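S.K.: My questions will all concern the structure given below.
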Amino acid sequence: MSPKTETKASVGFKAGVKDYRLTYYTPEYQTKDTDILAAFRVTPQPGVPPEEAGAAVAAESSTGTWTTVWTDGLTSLDRYKGRCYDIEPVAGEETQFIAFVAYPLDLFEEGSVTNLFTSIVGNVFGFKALRALRLEDLRIPPAYSKTFQGPPHGIQVERDKLNKYGRPLLGCTIKPKLGLSAKNYGRAVYECLRGGLDFTKDDENVNSQPFMRWRDRFVFCAEAIYKAQAETGEIKGHYLNATAGTCEEMMKRAVFARELGVPIVMHDYLTGGFTANTSLAHYCRDNGLLLHIHRAMHAVIDRQKNHGMHFRVLAKALRMSGGDHIHGGTVVGKLEGERDITLGFVDLLRDDFIEKDRSRGIYFTQDWVSMPGVLPVASGGIHVWHMPALTEIFGDDSVLQFGGGTLGHPWGNAPGAVANRVALEACVQARNEGRDLAREGNEVIREASKWSPELAAACEVWKEIKFEFEAVDTI
């Protein structure tokens with residue numbers, strides 16, 4: 001090395017390890033409208049001060065590394081670094097705190113959830129100085145959200161395509177989820193749609209297995225859709241799962257669905273990946289297909305209260321990546337979901353502007369500007385007795401999906417669909433007449449069952465079925 005080079009490298013540079021808080025903890029920082037803001041629940045190792053742990057999160061998820069490097073002098077760290085700008089305690093948790101981190105917009109590629117998550121929820125989650133780390137919420141500024149297409153169509157366009165207004169949409173997941181032949185599968189689809197459902201659905205793990213290859217399933221389901229439409233005079237759909245082992249195969253399945261003329265396809269966005277999902281969402285908008293999203297694998301990421309990522313962040317990411325429906329819990333069924341928290345991320349999916357509300361877990365005000373909304377899907381362990389609560393909790397802009405609650409009807413699939421449609425229409429009418437579904441819901445169902453034998457039979461079968469476990473996802 002020449003003396004000249006040694007001099008250059010040594011000016012303003014001292015090798016060694018610095019405390020992160022000297023550079024990345026900046027409580028005086030005033031956040032900008034263009035910053036991406038994150039709220040992390042941090043559990044540091046014993047002896048690590050909160051300021052150092054919060055600064056470490058900001059550093060490792062932006063420009064920092066474990067030691068000082070001389071190439072820091074070749075760029076403007078003040079322009080690009082993440083900043084831990086606030087720290088607050090977590091009530092009832094002495095070893096945890098919330099670290100608020102601001103990221104400058106230039107750190108992220110436009111229109112890429114993949115790049116956003118690679119930084120913010122990347123290697124930092126394995127950092128040894130932290131015992132656990134959870135991303136509770138993100139504020140996505142309009143300057144960044146406008147670089148995304150978002151949902152292929154959105155709520156209003158979907159209603160216009162289906163010509164269905166003033167009520168939640170009704171769906172059913174075909175069961176058993178695995179093992180049926182394509183023809184028997186199509187038969188179940190037809191019976192459910194003929195009975196009054198708007199949609200039927202592939203289960204998340206139905207792709208293209210030996211017992212039912214995807215092309216056969218698509219053809220028989222399309223036949224079922226057209227036959228049910230002709231008999232009922234209503235537009236029908238089946239969520240044809242295009243998820244595949246490669247993006248090329250996924251797109252081939254979506255193209256075939258479009259050629260069949262069906263209205264909607266489906267994707268498992270977490271197991272399939274954000275890059276694949278965004279590609280499919282763009283194809284769906286360009287070709288008039290609705291896109292149903294399943295969240296398989298989400299609980300691996302969001303179930304633990306002190307580590308991982310809250311589903312409200314995954315929901316925001318999906319709205320940017322693209323989807324017209326996404327599963328979001330039921331509050332009353334078999335799957336995890338506390339009411340206020342669930343409705344918090346339901347609003348983040350549907351609404352244009354959502355105010356900060358810590359009681360519902362919403363850490364930041366979120367302005368989606370003109371990005372279309374996503375219909376939340378309530379699915380998992382629900383039946384006709386849940387219909388009043390679901391109608392009251394989720395309102396009209398939702399999809400209520402009954403799998404076992406349709407196909408488990410003692411008289412068969414079509415009567416199961418009839419029971420659900422009658423229960424829904426009765427609840428919507430009662431609500432529109434000013435009745436309180438929270439208090440009078442069971443009576444509304446009993447009254448409707450007097451003139452619907454299908455509903456009466458369903459009420460008898462599921463009158464004792466409850467899923468009463470304490471929710472894990474609490475504030």
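The backbone N, Cα and C atoms fix where each Cβ goes, and this holds for glycine too.
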S.K.: Out of ARG213, ARG215, ARG295, ARG303, which one does Swiss-Prot list together with ASN123, THR173, LYS177, HIS327, SER379 for substrate?
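M.R.: The one candidate that Swiss-Prot places in that substrate site: ARG295.
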S.K.: Pick the one among the recorded positions LYS177, LYS201, HIS294 whose Cβ has the fewest other Cβ atoms within 10 Å in this structure.
M.R.: LYS177
S.K.: Far apart in sequence but close in space: which same-chain residues, 6 or more away, have a Cβ under 8 Å from HIS327 (substrate binding site)?
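M.R.: Correct list: ILE293, HIS294, ARG295, PRO376, VAL377, SER379, GLY380.
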S.K.: In angstrom units, rounded to an integer, how far apart are the Cα atoms of LYS175 (active site, proton acceptor) and ASP203 (Mg(2+) binding site)?
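M.R.: LYS175 (active site, proton acceptor) to ASP203 (Mg(2+) binding site), Cα-Cα distance: 8 Å.
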S.K.: Including all protein chains displayed, how many Cβ atoms other than that of THR173 (substrate binding site) lie within 10 Å of its Cβ?
M.R.: 24
S.K.: Check each residue in the chain of ASP203 (Mg(2+) binding site) that is at least six apart in sequence and keep those whose C-beta is under 8 Å from its C-beta; list them in sequence order.
M.R.: THR173, ILE174, LYS175, LYS177, LEU178, ASN241, GLY403
S.K.: I'd like the number of other C-beta atoms within 10 A of the C-beta of LYS175 (active site, proton acceptor), please.
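M.R.: Summing over all protein chains shown, LYS175 (active site, proton acceptor) has 16 other Cβ atoms within 10 Å.
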S.K.: Among the binding-site residues ASN123, SER379, which residue has the largest number of other Cβ atoms within 10 Å of its own Cβ?
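M.R.: It comes out as SER379.
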S.K.: Which chain neighbours of the Mg(2+) site, leaving out LYS201, ASP203, GLU204, have a Cβ atom within 8 Å of the mean position of the site's Cβ atoms?
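M.R.: Same chain, not in LYS201, ASP203, GLU204, Cβ within 8 Å: THR173, ILE174, LYS177, ASP202, ASN205, VAL206, TYR239, ASN241, MET266, HIS294.
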